[in-house]
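Annotated in Swiss-Prot:
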{"type": "ACT_SITE", "residues": "Asp13", "note": "active site, proton acceptor"}
{"type": "ACT_SITE", "residues": "His41", "note": "active site, proton donor"}
{"type": "BINDING", "residues": "12-18, 40-42, Arg303, 329-331, 411-413", "note": "GTP binding site"}
{"type": "BINDING", "residues": "Asp13, Gly40", "note": "Mg(2+) binding site"}
{"type": "BINDING", "residues": "Asp13, Glu14, Gly15, Lys16, Asn38, Ala39, Gly40, His41, Thr130, Arg144, Gln224, Thr239, Arg301", "note": "IMP binding site"}
{"type": "BINDING", "residues": "Thr297, Val298, Ser299, Asn300, Arg301, Lys302, Arg303", "note": "substrate binding site"}
Amino acid sequence: MNNIVIVGLQWGDEGKGKIVDYLSENADTVVRFQGGNNAGHTIVVDDEVYKLNLLPSAVLRTGKISIIGNGVALDPYALISEIESLRVKGMDINPNNLMVSESCPLILSVHKEKEKLFEDLNGNHKIGTTNKGIGPCYEDKVGRRAIRLCDLENADELNKRLDTLLNYHNAIRKGLSYRVIKKEEMLREIEEIAEKIIPYRKPVWKILNDFVKEGKKIIFEGAQGTFLDIDHGTYPFVTSSNTIASQVMTGSGLSSNAYVIGVAKAYTTRVGNGPFPTEQRNEVGNSLFTIGKELGTVSNRKRRCGWFDAVLVRQAVQLSGVSSIILTKLDVLDSFDKIKICTGYQYSGKIYDYLPASRSIQEELEPIYEEFPGWKENTQGEKLAEKLPVNLIKYVKRVEELIGIPIHLISAGPKREDVIKLKDFKFSESVLVSY
């Protein structure tokens with residue numbers, strides 16, 4: 001199978017960027033298909049730390065093509081800033097190896113202002129957004145008033161689109177006694193960045209379909225995680241896009257089938273507010289936070305930490321049709337005497353083997369745990385499966401049993417090469433990397 005989808009099976013921060021980087025050595029193209037610069041992927045190469053927000057992880061490998069699909073909310077200033085920051089580090093990024101869908105909706109200053117304004121109005125009921133303007137941009141896309149990348153080359157079309165956009169936003173701003181935005185301001189903002197961003201504009205859907213015909217290997221890189229999905233996540237504490245594998249088709253324009261790989265941490269984290277059944281507000285949570293260095297890549301906010309939730313991950317596997325799991329950050333658990341896995345929930349005398357949709361129930365769920373002895377050995381940087389501690393293998397096998405699909409790779413360390421192969425993949429071996 002030449003097309004692979006990488007999705008997060010928790011609330012994001014599972015280590016997807018590192019896994020995409022690992023698998024991309026023998027791929028041709030990596031595609032972002034949803035989200036925006038509210039997602040952060042951290043990759044360590046030769047002790048150099050790279051933090052990517054919008055750019056696909058393939059930009060760190062020469063000879064690869066990186067693509068941003070139409071499902072991405074595109075902040076043009078953030079993209080150009082990220083490109084320039086990587087160029088300073090010696091990366092060659094140009095319109096031949098980075099292509100952006102002409103249909104991408106653009107995040108503008110009006111979106112960031114609206115998001116912050118409404119978060120402030122929500123007071124104690126904030127969602128905990130990154131204030132990057134992602135949600136308001138998607139609102140405008142669905143409302144058919146967004147400015148898209150393709151609009152920037154046609155002055156008449158851009159003027160019409162701006163009229164529609166500002167009619168909506170200024171009506172809201174007036175109602176809240178907020179400063180009205182003049183069209184000339186928006187035009188200046190767009191003109192400042194248009195010349196830099198337009199060269200990357202491409203008919204991505206056509207290019208991807210041509211790549212498939214040519215037999216090229218494509219990796220689709222998801223952002224956030226399953227339970228931040230607007231439809232299937234812990235609503236309303238979710239992102240504004242679909243994060244599961246089916247979004248690949250609408251977010252890239254490619255209708256081809258793909259092999260879906262899910263990435264999950266060996267424990268659980270989430271940033272911001274919202275239900276979290278296995279959260280540990282105690283020494284366990286503090287240890288996971290400290291050892292795992294759990295700070296948001298984009299927001300720099302402290303991630304909440306808890307035990308691995310097999311119920312949550314199994315549900316995510318079913319939602320995205322996942323065929324294979326990669327379990328990351330096992331080394332974070334090296335020092336624990338006891339390790340727990342959530343195998344079910346209890347609420348009001350009833351046992352749940354799934355995460356109910358109701359927020360009120362989600363917030364009151366009591367996790368049911370299985371407890372395992374820790375391995376108490378340093379595993380960071382280990383490369384060979386046969387050298388792993390017995391108790392670690394037992395833990396991995398139990399996770400595998402509970403989620404119902406095989407774990408092919410595990411990760412024990414932050415570096416690109418800190419990946420251990422447990423099983424062969426069912427798709428073409430040429431996609432894999434051997435260290």
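Just so you know, glycine gets a Cβ as well, placed from its N, Cα and C.
When the Cα of Gly12 (GTP binding site) is compared against those of the binding-site residues Asn38, Gly40, Gln224, Arg301, Arg303, the shortest separation belongs to Gln224. When the alpha carbons of Asn38 (IMP binding site) and Asn300 (substrate binding site) are compared, the span between them is 11 angstrom. Counting only the Cα atoms, the space from Gly40 (Mg(2+) binding site) to Asn300 (substrate binding site) is about 10 angstrom. A distance of 14 Å separates the Cα atom of Gly15 (GTP binding site) from that of Arg303 (substrate binding site).
Looking only at the binding-site residues Gly12, Gly15, Gly40, the densest Cβ neighbourhood within 10 Å occurs at Gly12. Secondary structure at Asn300 (substrate binding site), taken from DSSP and collapsed to helix, strand or coil, is coil. Cα proximity to Thr42 (GTP binding site) (within 10 Å) is found for the following recorded positions from Asp13, Lys302, Arg303: Asp13. Ranking the binding-site residues Lys18, Arg301, Lys302 by how many Cβ atoms sit within 10 Å of each one's Cβ puts Lys18 at the top. Scoring each of the binding-site residues (Thr42, Gln224) by how many neighbouring Cβ atoms lie within 10 Å, the top position goes to Gln224.
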